[in-house]
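Starting off with a structure, shown below.
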Amino acid sequence: MSSDQAVVASELQHHFRDMEQQKETATFGMWIFLITEIMFFGGMFCAYLIYRLSYYQSWVDGSQRMDITLGAINTAVLIFSSLTMAMAVHSAQVGKRNLIILFLILTLVLGCVFLGIKAVEYHDHWENHELPGKYFSGLDKNGVDKGWHDVPHTSLYFALYFAMTGMHATHMIIGAGLLIWLIVAAYKGKFNENYFSPVENVGLYWHFVDIVWIYLFPLLYLISHKHTG
């Protein structure tokens, strides 16, 4: 028995007929999970839409406090991480062990860069009293009035901002943990052209998290400042 066949035999679970059935089942399960994730984030997007339509000027005021440059950099980072993740999946499909490890590490590094930039943004909001709750105010860290039209509803914008980006960051951290698991497994030679479904399914999860950010960036950072209604 070859080493690749040994890997396949060791990973085939007893309740599946063969690796093809196991792969199809795992992929189907991942898609079901992603559907539940779509519903989860969908609820947040619905709340965002309702409140944005109700308090547009407060959303404009809140959006003006976003750092568009950092948001754009993070968007580019995640788009590039989707490319490296796709390359990791392809490398697994063709049995290129070293390339699997390389592209998974690159994806992990990019994910950590994203989280680091997000931490910088969160720190800036904290310094400027923009964390919803007891210390939220219409003043910046120097005590200068920010000129918000409706402080309570601007606080609501930031509540949704932290909820949505915070849950997204949590999913990124989970994704980073999965990438570390894949890197260790790839280093041990667990994947080849006959067995790569874990890499493929984590890739689906990673792409989903990236897509969520693609929606969050314009909705939270790029609200038109020219609205007069």
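One-based numbering along the chain as shown.
Here the Cβ of each residue, glycine as well, is placed from N, Cα and C on the backbone.
Worth saying up front: this structure is predicted, and the values here are computed from it rather than measured.
The following feature annotations were taken from TrEMBL:
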- 28-225: domain 'Heme-copper oxidase subunit III family profile' (DOMAIN)
- 28-51: transmembrane segment (TRANSMEM)
- 72-93: transmembrane segment (TRANSMEM)
- 99-117: transmembrane segment (TRANSMEM)
- 156-184: transmembrane segment (TRANSMEM)
- 204-223: transmembrane segment (TRANSMEM)
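Quick one: where do these features end up spatially?
Below 8 angstroms of C-beta separation, residues 70, 73-74, 77-78, 80-81, 84-85, 87-88, 91-92, 169, 172-173, 175-176, 179-180, 182-183, 186-187, 191, 199, 206 of the same chain, each at least six residues beyond the ends of the transmembrane segment (99-117), sit close to that stretch.
For the transmembrane segment (156-184), same-chain residues at least 6 beyond its ends with a Cβ under 8 Å from one of its own Cβ atoms are 37, 40-41, 44, 47-48, 51, 55, 58-59, 61-63, 88, 100-101, 104-105, 107-108, 111-112, 114-115, 118, 122, 125, 130-132, 136, 198-199, 202, 205-206, 209, 212-213, 216, 220.
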Give, as a single whole number between 0 and 100, the mean pLDDT over the domain 'Heme-copper oxidase subunit III family profile' (28-225).
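That region's mean pLDDT is 93.
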